[in-house]
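Only one structure is covered here, and it is reproduced in the block below.
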Amino acid sequence: MSYSFSFEVYNKTLGLLVSLSHCRNVALTHSGLHVMLCLQVNTNGFLSVAEPPAESEYLGKMPAKFGIIAPFLGDLDTSDGIGKVYFRQDNSPDVLQKITEKITQAFPHEGEVEPTHALIVTWENVIAHGVPERGDDLNKKRSTFQLVLMSTELSTYAILLYPKDDLQYYSTLVEGERKPVEVGFSKGLTQGWFSWRSTQGPYYRVTTDNEDSVRELILTNSGRRGVWVYHIGSSTFQSVTPGQVTTVAPEDGAPVQSVTEIPEPTYSEPYFEEYETPDYPPYEAETFSPETPSIEIFTSTTALPESEILSHVEAVPQNAAQPSYTQAVFSYYETCSTNRHKCSSFAECRDYTSGYCCHCKPGYYGNGKDCVADGKPQRINGKVKGRIFVGSSPTPVEFSNNDLHSYVVANDGRAYVAISTIPASVGPSLQPLSSIGGVIGWAFALEQPGYENGFSVAGGVFTRQTEVTFQPGGEKLTISQEFKGIDEHDHVVVSTHLEGSIPEVPEGATVQIDPYYEIYQYSSNLITSSSTRDYTVTLPDGSTQTLVYLWRQSVSFQSCPHAEGSRSIPPSQQLSVDQVFVMYDSVNQLIRYAMSNKIGSVNGTPQQNPCYTGRHGCDTNAVCRPGQGNQFTCECAAGFRGDGRTCHDIDECIETPQICGAHAVCNNQPGTFRCECIEGFQFASDGHTCVQVDHPINHCERGSHDCDIRERAQCSYTGGSSYICSCLPGFSGDGRSCQDIDECQTDRCNRDAVCYNTQGSFTCQCRPGFHGDGFTCTPESEREKTACEKHRESMLATSSGGYFFFRPRPAVGQYVPICDSYGEYEPTQCHSSAGQCWCVDRNGQEIPGTRTGPGSRPMCLEHSVFPTVFGPTTRPDANLVSPGTNLLFAQSGKIDHIPLDGTNMKKEEAKTVIHVPDQVVIAVAYDCVDKMVYWSDITQPSISRASMQGGQPAAIIIKDLGSPEGIAIDSLSRNLYWTDSILDRIEVSRLDGRHRRVLFDNDLINPRAIVADPANGRLYWADWNRDGPKIETSNMDGTDRIVLVKGDLELPNGLTFDHHSRQLCWADAGQESCTRKVECIDPYTRLRRKIVDGVQYPFAIVSYGRNLYYTDWRRESVVAVDRVAEREVDQFLPQKRSRTYGITTSFPQCPEVNYCSSDNGGCSHLCLPRPGGFTCRCPTLNNGSCVERDQNF
């Protein structure tokens, strides 16, 4: 129900006095038009500037599509005669003085406030509408709240008042579902200046989509509990501004307490601009309801009854049979002196009368054998096996090493779990089983004071046995999980086995699980829990059904019996789980679970300190330290540094170089580090000291062989400490001494060509008057003229009127094309009379956007087909730079671009082009033909692509991937190459992901960067294996694999190839700052040079023009290096600072041909180029329709 009345405000933009009334007349005033509009007070807890639509259009759908101020928006009821709504305008001095005091207290740094009028609306004793009878008196719970709008000559303020001890309810039923009430401001739909289409206007949300934010309305931003003040209009208005005082003023001698700030609210543009400076007329008479109470903070008179959810928790009888478990027996003689290494490195060992125990150090939690830093996020990885019968199907769905990945934000209890490769036949039916990942939520739940989560009690080694019984069908599923502790990457490892049957959930149906509680009962080595859980299935046709399953579990673990008397764990604890999210992703075949978890008292009321509610705003790598009352501080977790709101990883390996001791190397990890013994050493029994072992020596890796230099010979390791030396192609000798072969002495070239010998190779060039590649030469007179030559001759002939006895000359103003020595169109064409130049493709067609004015020439890419060159060539004098080029670089869940002006970064024009917030983008590559950007994601994992001209991202490879960390595009052959550092292999496929073939799956440890040279048919990749880093090369069909760079290499992260200079360059992240550098090598001459050193932590690199651009993890930036001047010349810092990953360039044009460019080389599946030809290859999984063949030219 809504009520209308008169209310006048001043519109600064239009210069109007706008009166909100019954919309009956229009009158002139000295300030402009006096317009009568309507203001609606609604029993559903809001004020609107127009007649509200049907309830289904706005309940539970904030921001609203109409102008609204909502102090407590929900489906509320006043029809029982008890609930009332009062409103009035007031300009009495005592009321205005009370309002002024509250505004001044909320904004202590602003000037004096001089109110003119106020509007007061009170909702008293309203109940939630339509709450069913449940015997818990919820339908009798009543709430009272107030809204005050106050106007000065320049500003408008809104004051929201709530009971200062507690509200009676936090949600109402909306379309059969319980949804939190909503508080906020919304302008509604607005119409654009140049469009008839309406869009959502500015809005500001005080609460969020969960009940915790509603509960916190008893807090404050004004210094008084339950009083919230907002500035909603001024002459310099930019947004709704909340009050600035979050400390509660002392009352009755109580100490000052600090309360948390509500999370950053959602708002967009200026709110209610047309009502910025209200100027109310005197109020004459109240039109509705009896006199409203004066403006005071209401106090609730009804105690909040105990949560009804506890009645659904099934307690385990004390004498119930418990699962058997094995308990290790400690000897009386086991002491810390011989067992200290069994404790976590973040624990201390203590001796007791009957043995020793491990205890985590301050700042860490766990059972002493496994300890993690307070507040640090935790990752859990593992495999899922077993079989499940779905519905009435007689055939089970098999699980075989399906990946399980979980991420927990420990400082607020959020847990995310994903299981991959789930077929559609079982995926939808797994949605109700959030309990598969529920144990992870329990293990790292947010601890209430005096209570401990699962990891604090059991550590990372325990077993969990769960039985789920579905009703009414009686299906049973057993979930067995073994947690195996923390691995070398600081991840918890778990194995899961599923066995049994589950009811079928139809494909396309969704599942909703309401917040729930679980009671955990503890003994020395066993934890048990059971409950009944409801879930709602929404079918594709929109109908719903609520089902239930019985859930019982036991967790067995090994506690330390020697210190049981010094530690007290409550016999029962309650796990509170809310914000439960379940989803089956059919496209990526993933089942996802997410939930927020807290562990605390069975009967106690929830703690309000932000550290215990999780609403503190600390960094995800920080721990929240509670103080007195609601005060708290944020403290970076061990291994991180910062102010608690922002934390950065500490590199212990740099700050304490000798932390790992002698004969060991230190590997930094987020929040910690790991020590590894160098080659020839291994850990002693203490797990810390590296001792020497008898180990074969690979002289080829160490560089201690006696082979000739690597420009002439290669060393091949044959096992043990043996190796052989062999000369490279183009050289002869025994491998220890190699001499160049003069190929020109053996008539390798055509008789009408000249042979030029080079170190290790040779080149052939046709003599003047002949045309060809040097191996085949034909007289110029016999060669058919090219399209460019015919075009040129026709233009000359037309302009001169015939040749006769004079050389043809173009007419003034006539354009005549320029052909190169092979008769092809020059990439750059110019009109001599007009003074304009432009780029053309190989057919002579102008490339749009490349035309320049007089005195300027565009830098166009070469597109001619050059003669085949065997071996090295000399470096060109100049690099060609194409106009319209951009840098593309990845930053976690997005890809940004930086336009280039020549080689200068146009930083002010940088922006995000692809946003994928649920992914971690590692590698980036670009297809210059279809203008598509490709990237790899290690969270799914997957390889995806999207058009730079618009469109949705699409995953092209999602199966059989471990960690795709490097990708390379062959735009000419339309192929995609990538490295996988978990599966340790290199693969190739078509650009759409079809016809996958494994090129290499041996002698790879940590392959990452990969780059292709399609014009010459070569492939390069880097392996950052710390025991033997290397850069290798092969033909793009997988043949002729050799190690290109081996020595003086530590951590080659990035790799790039410049086809103009034929330089292969890489970024080495190194072990020490002095070894981190950028280097280049000529793959043919093996001449190697250092570009810059002393870089911080480079990750990826790309070449363009004379510059190299690399991303840096430490600097969180893109760095430009002039490789000619060998120095850093520029740096780009993204607006959002985080690690930068892959980088590439996008071109407006690209080279157009190689041997596979035309009709896929005639191959049925994969055409893979190589020097002098190509190879037709079949996918690894060949159905017999593919034929392999080689083609040489």
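Our numbering is plain: 1 for the first residue shown, then up by one each step along the chain.
Every residue gets a Cβ built from N, Cα and C, even glycine.
The annotation disulfide bond is assigned in TrEMBL to Cys830-Cys837. Cβ neighbour count for Cys830 (disulfide bond) (all protein chains, 10 Å cutoff from its Cβ): 18.
Taken from TrEMBL, the feature domain 'NIDO' applies to 71-235.
Annotated domain 'Nidogen G2 beta-barrel' per TrEMBL: 376-609, in sequence order.
The DSSP breakdown of the domain 'EGF-like' (607-648), given as helix, strand and coil counts, is 4 helix, 15 strand, 23 coil. Per TrEMBL, the feature domain 'EGF-like' maps to 607-648 (among others).
Annotation comment: TrEMBL describes 649-691 (among others) as domain 'EGF-like'. In the predicted model, residues of the domain 'EGF-like' (649-691) average a pLDDT of 83.
In terms of DSSP secondary structure, the domain 'EGF-like' (696-739) contains 4 helix, 18 strand, 22 coil. Marked as domain 'EGF-like' by TrEMBL: 696-739 (among others).
The domain 'EGF-like' (740-776): residue composition by secondary structure is 4 helix, 16 strand, 17 coil, according to DSSP. Sequence annotations record features per position, and here TrEMBL assigns domain 'EGF-like' to 740-776 (among others).
Sequence annotations record features per position, and here TrEMBL assigns domain 'Thyroglobulin type-1' to 785-860.
Look at TrEMBL and you will find 931-973 (among others) tagged as repeat 'LDL-receptor class B'. Distant neighbours of the repeat 'LDL-receptor class B' (931-973): 405, 420-421, 587-590, 888, 890, 895, 913-914, 916, 918-925, 979-983, 989, 991-993, 996, 1007-1012, 1014-1015, 1019, 1021-1022, 1036, 1055, 1142, 1144, 1146, 1150-1154, 1156-1157, 1160-1161, 1167-1169, 1174; these residues of the same chain sit at least 6 beyond its ends, with a Cβ under 8 Å from one of its Cβ atoms.
According to TrEMBL, the feature repeat 'LDL-receptor class B' maps to 974-1016 (among others).
Within its own chain, the repeat 'LDL-receptor class B' (1017-1061) has Cβ neighbours under 8 Å at 665, 667, 676, 679, 698, 700-701, 703, 710, 714, 875-876, 879-880, 966, 968, 970, 973, 975, 977, 979, 986, 988, 999-1000, 1004-1011, 1067-1071, 1075, 1081, 1083, 1086, 1088, 1098-1103, 1108, 1110-1111, 1143, 1151, 1154-1155, 1168-1175, 1177, counting only residues six or more beyond its boundaries. What TrEMBL records for 1017-1061 (among others) is repeat 'LDL-receptor class B'.
Across the domain 'EGF-like' (649-691), DSSP assigns 4 helix, 18 strand, 21 coil.
Counting every protein chain shown, 20 other Cβ atoms lie within 10 Å of the Cβ of Cys837 (disulfide bond). Residues in the repeat 'LDL-receptor class B' (1017-1061) partition by DSSP class (helix H, G, I; strand E, B; coil) as 0 helix, 23 strand, 22 coil.
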